[in-house]
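Residues or ranges marked as domain 'Lactate/malate dehydrogenase N-terminal' by TrEMBL: 25-167. Look at TrEMBL and you will find GLY30, ALA31, SER32, GLY33, GLY34, ILE35, GLY36, ASP56, ASN116, ILE139, ALA140, ASN141, MET250 tagged as NAD(+) binding site. Residues annotated as substrate binding site in TrEMBL: ARG103, ARG109, ASN141, ARG175. Residues or ranges marked as domain 'Lactate/malate dehydrogenase C-terminal' by TrEMBL: 169-333. Residues annotated as active site, proton acceptor in TrEMBL: HIS199.
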Amino acid sequence: MFSRAVRPTISLTRSLSTSSQKHAKVAVLGASGGIGQPLSLLLKNSPLVSQLSLYDIAHTPGVAADLSHIETRAQVSGYMGPDQLDAALQGCEVVVIPAGVPRKPGMTRDDLFNTNATIVATLADACARNCPEAMICIIANPVNSTIPITAEVMKKHGLYNPNRVFGVTTLDIVRANTFVAELKGLDPARVSVPVIGGHAGKTIIPLISQCTPKVDFPADQLSALTLRIQDAGTEVVKAKAGAGSATLSMAYAGARFTFSVLDAMNGKEGVVECAFVRSEETECKYFSTPLLLGKNGIEKNLGLGKLSPFEEKLVADAIDELKGSIKKGEDFVAKMK
C-alpha cells in the first residue's frame, strides 16, 4: 500500500541527477512566455528529456537557439506560429501547456477565460491530431475550466483518455509545503502537504491534517494559513505591481510535475502527485487529489483520505464554484464551430 504521505518524486535536484532513464520527447506550448522560458530551461537541464520541442506564436527561434547552447543532451527545436504547431507536436510523449495570457492586478482567473479557453482548445485539438497518446499537462489558467475544455476537445476526436490529461496544480502544493515549513521552522524539502479540489481561490484545499511530518496549528493560524495558500497567486501579482504573475515558481512546479510523470513513465514506483483530473471522488466531474502515477498515466486515484471537520467544510464550500467552472469549460467547447 502506498503511503498517502509519500513525498512526490521530486526534488528537482534528484531529477536532474538521474541518468539511467529512458529519454523522452517533451513539447512546451507557450515556450516564449514568462512561465514557458524558465520551464523550458529546467526541462533542458534534465537527463529525463532527450528532445525538447518549443512552440509559441512569437520569439521561439530565439528561445530555442539560446537553450540549445546549454551543455546537456536534450536536443532543442523551436517552432513558431500556427503553421508550425503540428510539426512541433509530432512524436511527443509529454506535452506541457503554459500558453495563455497571465493574470494582471485586479484580474481574476475567470477574467482570463475567454482568451485562454480559445488558446487551450486550439492546442488540445492539435495534440489530438498529432500526439493523441501523449501525457497532456495543462498549466494555462483557469485550470478548473481548461481541463474540461481539453477533455471535451479530445472527446470530439474520440481520443480522450482521462488517465493522460492533467491539470497542473503543483504550485499549490509547493506553496503549502513552503508556508508550513516557514511557520514550523522545518526544511521545506521534507514537508509534504496534499492539496485537493481545484486551482483557484476557495477551490484550493490544503489538507494540513495530512501533512508529513505531522503539524498542528491553532484554529486562527490554520485559517490564516489556508487563506494564504488560496490567495498566494494574488500575493505575487500584487508584489510584481503589474509586471506579471507567478512565473518562476510556476515554472518550478510545472517542471516538478513533468519530471514525476516522466519518472513514472520510466517505471519508477511510488510516484505520487496531486493534479486536477477526471474524478469520481466527489460530485464534481473533475477534482484534484493525490494520484499514483504509472507508465500509462494515472495508475490509481488515492482519493481524499481522512479529512478534518475544517477540511470537510472547505470541500463543501468549494463544490458549487468548481461545478460552475467545469460547466463553463464544457459549454465553451459545445458552442465551438
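Any Cβ shown, glycine's included, is placed from N, Cα and C.
Projection of TrEMBL feature records onto the structure.
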residue	record	Cβ within 10 Å
GLY30	NAD(+) binding site	25
SER32	NAD(+) binding site	22
GLY34	NAD(+) binding site	19
GLY36	NAD(+) binding site	27
ASN116	NAD(+) binding site	22
ALA140	NAD(+) binding site	27
ASN141	substrate binding site	27
ARG175	substrate binding site	24
HIS199	active site, proton acceptor	29
MET250	NAD(+) binding site	24
Within the domain 'Lactate/malate dehydrogenase N-terminal' (25-167), residues counted as helix, strand or coil by DSSP: 62 helix, 30 strand, 51 coil
For GLY30 (NAD(+) binding site) and ASN141 (substrate binding site), the CA-to-CA distance in whole Å is 13
Distance in Å spanning the most remote Cα pair of GLY30, ALA31, SER32, GLY33, GLY34, ILE35, GLY36, ASP56, ASN116, ILE139, ALA140, ASN141, MET250, given for NAD(+): 18
Return only the integer: C-alpha distance in Å from ALA140 (NAD(+) binding site) to ARG175 (substrate binding site). 18
Looking only at the domain 'Lactate/malate dehydrogenase C-terminal' (169-333), mean pLDDT returns 97
Cα distance (Å, whole number) from SER32 (NAD(+) binding site) to HIS199 (active site, proton acceptor): 23
Do you know offhand how many angstrom separate ARG175 (substrate binding site) and MET250 (NAD(+) binding site) by C-alpha? 10
What's the CA to CA span in angstrom from GLY36 (NAD(+) binding site) over to ASN141 (substrate binding site)? 14
Quick check for the class: what is the C-alpha distance, in angstrom and rounded, between MET250 (NAD(+) binding site) and ASN141 (substrate binding site)? 12
